[in-house]
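According to Swiss-Prot, the protein carries these features:
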- Arg149: active site (ACT_SITE)
- Glu157: active site (ACT_SITE)
- Arg197: active site (ACT_SITE)
- Asp154: Ca(2+) binding site (BINDING)
- 15-36: compositional bias 'Low complexity' (COMPBIAS)
- 98-265: domain 'TNase-like' (DOMAIN)
- 1-41: region 'Disordered' (REGION)
- 60-76: transmembrane segment (TRANSMEM)
Amino acid sequence: MRWPPWGSESQQADTPSPSTEQQAQQPPTAPAARPSRPNKDWNQSVNAFDWAAFTELRTIIPTAILTTAILGIVHIHRRYLRRFPDAVSIAPSYFRQRSILGQVTSVGDGDNFRLFHTPGGRLAGWGWLPWKKVPTSKKELRDKTVHVRLAGIDAPELAHFGRPAQPFAREAHQWLTAYLMTRRVRAYVHRQDQYQRVVASVYVRRALDFPPFRRRDVSYEMLRRGLATVYEAKAGAEFGGPGMERKYRRAEWWAKFRGLGLWKGFRRNKEWESPREFKTRMGLEDQTQGRENKS
């Protein structure tokens with residue numbers, strides 16, 4: 001039967017149909033090429049970004065608050081919470097301006113000791129936070145303490161460097177050890193000396209003193225008990241001001257008048273020496289012995 005009905009048989013016979021072999025011989029159609037990406041200019045990319053969002057108040061205000069908070073934390077840490085491991089590391093801006101707070105770890109002589117700097121004190125967690133404990137062993141404290149020289153006084157010398165002990169040196173050392181050991185003190189630093197110590201006016205609060213917990217000047221307490229003399233060196237004397245020097249000399253005069261401590265019997269004893277005179281005599285003897293050894 002013809003299909004469509006109006007078509008002739010001759011037309012259908014004249015129209016060839018592609019055979020299977022011809023279809024196999026036809027080359028495959030190539031895939032369509034992808035459209036190339038247009039080259040974007042960097043300036044166009046930057047300009048296309050919406051920078052206006054960074055100028056809105058909802059962005060500026062939180063950014064300013066966060067930046068101010070970070071800078072404030074850094075400033076507070078550098079000014080109030082930075083720990084000084086030794087006297088050399090104390091910033092010069094502290095001298096005659098600020099103080100350091102710490103716990104006394106050892107007393108070397110009648111007028112000097114070592115403290116472990118605890119910036120911020122108990123408010124910063126020292127003494128009650130697990131990671132802010134003051135070390136107790138000598139190994140842990142090595143190179144971690146500030147060597148402090150009491151300002152304005154000179155105590156009798158203990159035996160060291162081959163020199164004998166000065167009279168009343170042991171009593172002064174024992175009193176200072178009992179008065180300061182393991183206690184928290186505040187030291188108003190004045191300067192560094194030639195022995196890598198800081199000369200400081202030191203204050204302590206004690207419950208057993210009367211009135212209790214009143215701030216005590218350690219140098220003044222030693223002078224009024226006759227445990228030290230006013231510092232008499234020609235250079236390097238530090239008192240914390242002319243008013244403190246007058247206060248110290250008045251305390252020394254009263255101790256001398258009452259014959260307390262090292263002033264006991266000093267008027268009748270012709271061989272009595274002050275700590276400064278003792279150091280001067282020992283220095284001259286060392287020089288004489290040195291010349292004799294060379295000759």
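Just so it is clear, glycine is given a Cβ too, placed from its N, Cα and C backbone atoms.
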Intrachain residues whose Cβ lies under 8 Å of the transmembrane segment (60-76), provided they are six or more past its termini: 54
Distance check against Arg197 (active site) for the recorded positions Arg149, Asp154, Glu157, keeping those with Cα within 10 Å: Arg149
Count of other CB atoms lying within 10 Å of the CB belonging to Arg197 (active site): 20
Overall pLDDT of the domain 'TNase-like' (98-265), taken as the mean: 94
Local Cβ density at Glu157 (active site) - other Cβ atoms counted within 10 Å: 21
Under 8 Å by Cβ from the residue listed as 'Ca(2+) binding site', same chain, sequence gap 6 or more: Asp111, Ala228, Thr229, Val230, Tyr231, Glu232, Ala233, Ser274, Pro275, Arg276
Cβ-Cβ neighbours of Arg149 (active site) (radius 10 Å): 25
Alpha-carbon distance [Arg149 (active site); Glu157 (active site)] in Å: 13
